[in-house]
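Below: the structure, in structure tokens.
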């Protein structure tokens, strides 16, 4: 029997991908995705002549998927130059990365890359020009989870005081700190120079927005930020409807498990938790929810879910899903109490929602990529998906193209806003997109789903005190 040879990854100063021969396959899927992403395609049509992003140098840190490829090429169609890396070591679709690389875009993303490679690649997306030149670094960041933004802030602090890198609290922090030290050893002002021309950042996720808000509150945020996550057409669509479809897809691809009849415990009942709970219930699981917020807990109860604690669910549930964006949601004591063959996964953001570090000392057996059996001292095994990272992207292909069109339309519009109107946004502050732009994103997607919009009469508009063309709701309205 002949051995199966894996292709050698391609790595240069302007790309690191798994296999360039996958480019044709990736391009075919990109073409299909474009037909399912009406928001991005409409933005291309509207703005391609005006080139509002001409001169923009965008550092992109976001899952390198087929849908992201459509986003990248939309930004380029509007005049931007981009350098791209994935924001998760398991989320890259190698054929998407290959297609983008083949088109000449600098991209650094390999599914299953090491953490060292991850931070090397995140550094690489800031290298736009020669040292000391105008345009050496980016003038915009497009971020997902905040790692690119974090790197610039932490690196600048380390330039002044290496002591900030002295006490890593996790393996990932240890590797990040080592990467920063290595960069500073050869170039002591690298982070300051790369940040010098950054106008602002647009952030995709709840986790990244939390980081931005924290820095803004402390007065340490170096540039302007737009919180894309809290656009209604992102959080109420991507977070809810996207997770509703991609969670069970990831679990099914990984395990082939029958979900009907199982007890599934969803940690968190925000938008991601709501979508996850709906998906599991649609497949006839008994869904339990854990919550810290009494309002969300009451919402879950009113939807018919049993609201419990993780301590209660640990030895009873069959499937566990974390959706919170917090840390240590499933701890060692919870996993130690679980049933044999319990499935544990995360669709929040970082892998610390599940205390994976506490079970690294046990015996691990890889069933297939991103599916591991972990044997506890008593002989019981649990099935951990994507090593605690995002299950929908680690074990599946992420959200469908249509819902990502809505999210990425927000990202593109936010990039245009910050780049073309920097004086309208104060450095160090975090903003959301104006309501009329949120409504615009929704309008761009109505035709695709066959939706007809009713138009107000002049009398009706006057009666409720709004313009016939919107915005239709106050900023305080909760959709």
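Using the three backbone atoms N, Cα and C, a Cβ is placed for every residue, glycine included.
Residues or ranges marked as substrate binding site in Swiss-Prot: 65, 144, 204, 234, 238. Taken from Swiss-Prot, the feature NAD(+) binding site applies to 205-207, 239, 268-273, 291, 326, 347-349, 392, supported by sequence analysis.
Shown here: features listed in Swiss-Prot, placed on the structure.
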{"residue": "65", "record": "substrate binding site", "Cβ neighbours (10 Å)": "25"}
{"residue": "144", "record": "substrate binding site", "Cβ neighbours (10 Å)": "26"}
{"residue": "205", "record": "NAD(+) binding site", "Cβ neighbours (10 Å)": "26"}
{"residue": "234", "record": "substrate binding site", "Cβ neighbours (10 Å)": "29"}
{"residue": "238", "record": "substrate binding site", "Cβ neighbours (10 Å)": "27"}
{"residue": "268", "record": "NAD(+) binding site", "Cβ neighbours (10 Å)": "27"}
{"residue": "270", "record": "NAD(+) binding site", "Cβ neighbours (10 Å)": "20"}
{"residue": "272", "record": "NAD(+) binding site", "Cβ neighbours (10 Å)": "28"}
{"residue": "291", "record": "NAD(+) binding site", "Cβ neighbours (10 Å)": "23"}
{"residue": "347", "record": "NAD(+) binding site", "Cβ neighbours (10 Å)": "31"}
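Among the residues 65, 144, 204, 234, 238 said to bind substrate, no two Cα atoms are farther apart than 18 Å. DSSP assigns residue 204 (substrate binding site) to coil in the three-state reduction, placing it in neither a helix nor a strand. Calculated from their C-alpha atoms, the gap between residue 204 (substrate binding site) and residue 349 (NAD(+) binding site) amounts to 11 Å. Comparing CA positions across the binding-site residues 144, 234, 238, the one lying closest to residue 207 (NAD(+) binding site) turns out to be 144.
In this structure, residue 65 (substrate binding site) belongs to neither helix nor strand by DSSP; it is coil.
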